[in-house]
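Chemist: Pasting a structure below so you can have a look.
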């Protein structure tokens, strides 16, 4: 985590030094550094949750961590339009961009200091039996990678989640064009709808984490959320060009469901791959989603510009259906929950020897 936040801070300061047309290459360099660092940071929430929180808190903790990431996205939607005062005066734009970049860099630097000085690597006592078992494992790349890629349930989950995240990235990237084609005067609405989608995702992550902690209904939550995501995308395809308030409502629901899916899929990944490293499992999910996001953005834009949004959204709906089928085939073996349950029963005296005498 420290390497990730330090990398983000370095990238942020490079962006401060890039505010000039002739230093565009510095901006690209800073963005590359930030992008590489963020990839590692995206896998932190489930890892921290597993190390620091008990079995009835871990999903909520993971959901809160993911909500924090999405809160950052939301701030990114809100702050630039408030700070940038002009769309035409180059000197004013340059000054405002410098203000934003400097504020981000200072914030990142302060967070680096807080994390280095104020956070420990792990608690004095592991919160769960599963956490105590994994802390002694030597972390290598090749062995766990092979085990993960030969774990059929994980590969199915990675495929389904990759499709979900890829489609979400494509819709987010092209949301302005989608809105403006159907609502020519909807420039302001496009920004608000994007913000609503992110904020709804925050609540989705928080609520799904709480539900998982309380009921441990991993399979039910996964399939239910995947189904309503599929149905919501179909509704979104149908209501485009109708009253724009319907678009607000539909995109908000889509953001909520995808945010909830994000949290649930991360927790399911950790459960079905235990005791493999949480960060690697989640990193593979994110990597698959980001890679498919690039491909789906190209496919969506091609269909959108050469045909229309109905063709593009229908293609995405078909892909969501493929993801639903993939997740329906997952054999839900909750290994981490089983390890914690076995330890709890052993502590009560219900060990294998005792049970064999019953």
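Even glycines carry a Cβ here, placed using N, Cα and C.
Pulled the feature table from TrEMBL, pasting it below:
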- 1-335: domain 'Major facilitator superfamily (MFS) profile' (DOMAIN)
- 28-46: transmembrane segment (TRANSMEM)
- 58-78: transmembrane segment (TRANSMEM)
- 98-119: transmembrane segment (TRANSMEM)
- 154-179: transmembrane segment (TRANSMEM)
- 191-212: transmembrane segment (TRANSMEM)
- 221-240: transmembrane segment (TRANSMEM)
- 246-270: transmembrane segment (TRANSMEM)
- 282-304: transmembrane segment (TRANSMEM)
- 310-330: transmembrane segment (TRANSMEM)
Chemist: Honestly, do the transmembrane segment (191-212) and the transmembrane segment (310-330) touch, with at least three Cβ pairs under 8 Å and pairs 6 or more apart in sequence?
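Modeler: Between the transmembrane segment (191-212) and the transmembrane segment (310-330), contact is absent.
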Chemist: Tell me, roughly as an integer, the mean pLDDT over the domain 'Major facilitator superfamily (MFS) profile' (1-335).
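Modeler: Mean pLDDT across the domain 'Major facilitator superfamily (MFS) profile' (1-335) comes out at 86.
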